[in-house]
Ligand SMILES: Nc1ncnc2c1ncn2[C@@H]1O[C@H](COP(=O)(O)OP(=O)(O)OP(=O)(O)O)[C@@H](O)[C@H]1O
Ligand SMILES: [Mg+2]
């Protein structure tokens, strides 16, 4: 479904991502692991069209998308839920969700359905729908960020560290919800520090080190890999 | 809901007052001042759409105000066009120039955008000042006709001109209201909030920015055309930086990014200026510090301050009573205003 071929990305003269190959099949959950600064977010931003690549190509459903503008990429069905709960803080929860459905703005019925679906996944959002997004707790903001991304009905959802800063119990819940979203037909590319939980729900993974892929394999393979285990899972 | 109703009531009262003003205060001087401040309000609404909602602080708007005014003057006096056709064309021509400027200017952001548009504004001023043959240069442009009759209605008297300008003001406020409370308005607010975030939900921000830029200039040049036909004399000064700062002060004092800010700020500042006229340019010694304090403590001006105070009060009320009476609506209002 999505293929990165020999992708390199530079910030000025600094190469943040080098010769990366990633393959995501329809229906999969694929996880990108790696420590801080390894280049995960850069890959996400490049897929979304926010950063331009300096080498290589990105292919989505047979089309090269690496020259497309970000809004066009959203229209193709790739939506990113960026790191750090980026919300429209002065809008209400409800308005944030509506904005998420921007590309379907003419289809009222569709928006209603998506809204109900998001409220089912995250009942707290329904409860707080008239509150300002800026007034939510960190975990609720993360749910809203994901909910808003779902409102556009993505085919491929990019989740950048959805579990960061959440209480352990909520992290568990969050991964269950991600699994459910995937079951309902959305392919997911996930960046995570929380390797243990992520590998549990993922089909396969890539381990980033300094902007290149150090190890890759199915979740079982990565679990079994000693180096990966030591570096990212512990004991 | 209660807050929204109240808001509507205040707006209705304000409109009633404006309609009755010439009857209540039959004084030509005040009528003139009021008409003039309505014209400024229209210009400030234009600036507000772009700077307050889309988040791009343009300093070229005085220039576009002047383009609107001078185009009307040239088209009516030099080209001898029908007044209302010239009036319409002057807004369109100004907007088209705005479109060309926007194509380049909107590739910059924040202070770069402000500096870029400041330069554009200054160039417009220079062109008007130096292009003697077309604009009359420093001597100014005289003999601009007042608005032509529409059917049986003539606009020769101060009262009829007052109502004409009021009509345009209400029209602009109505259109602004429709824009701000629609998805388009929310799109602009989203761009102001974070352009990158707007992009990642599929908004093609360049297109929306350009539309809001051109609309904003349309309103401001409409004010310029009204100004020309009302004052009937133009000098290059109307495109000068000092007019830009007047517009900006009106907007900041009233409340940038609020629906009623332009009205409140313009009325307040023009009447204070009147009172302090004996101080001449030393007024700025008073205005400067007050403005600085205002921006620090009330970034959304008088209107923003009032909304904030009201939200707090309803929240306190809610805490002392039970239930959630109107906190939602006040939140809602703050967002809509915001
Ligand atoms: N805007 C930028 N300008 C310059 N360098 C950047 C920029 N953004 C990221 N980098 C650099 O690129 C490298 C990769 O950053 P990236 O954000 O992709 O890491 P990450 O894997 O997402 O890390 P984390 O887990 O901390 O989010 C880092 O060395 C970072 O310093
Ligand atoms: Mg990151």
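Any Cβ shown, glycine's included, is placed from N, Cα and C.
Note that the coordinates shown come from a computational prediction; the quantities given were computed from them, not determined experimentally.
Over in TrEMBL, the protein carries these features:
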type	residues	note
TRANSMEM	B:83-105	transmembrane segment
TRANSMEM	B:112-128	transmembrane segment
TRANSMEM	B:162-180	transmembrane segment
TRANSMEM	B:210-235	transmembrane segment
TRANSMEM	B:247-270	transmembrane segment
TRANSMEM	B:282-299	transmembrane segment
REGION	B:318-338	region 'Disordered'
Annotated stretches the transmembrane segment (B:162-180) and the transmembrane segment (B:83-105) touching (3 or more Cβ pairs under 8 Å): no
Interface present between the transmembrane segment (B:282-299) and the transmembrane segment (B:210-235) (three or more C-beta pairs under 8 A): no
Contact call for the transmembrane segment (B:112-128) against the transmembrane segment (B:83-105), three or more Cβ pairs under 8 Å: yes
Contacting positions for the transmembrane segment (B:83-105) when only residues 6+ beyond its ends and CB under 8 Å are counted: 58, 60, 64, 67-69, 71-72, 75-76, 113, 116-117, 120, 145, 147-148, 150, 209-210, 213-214, 216-218, 221-222, 224-225, 229
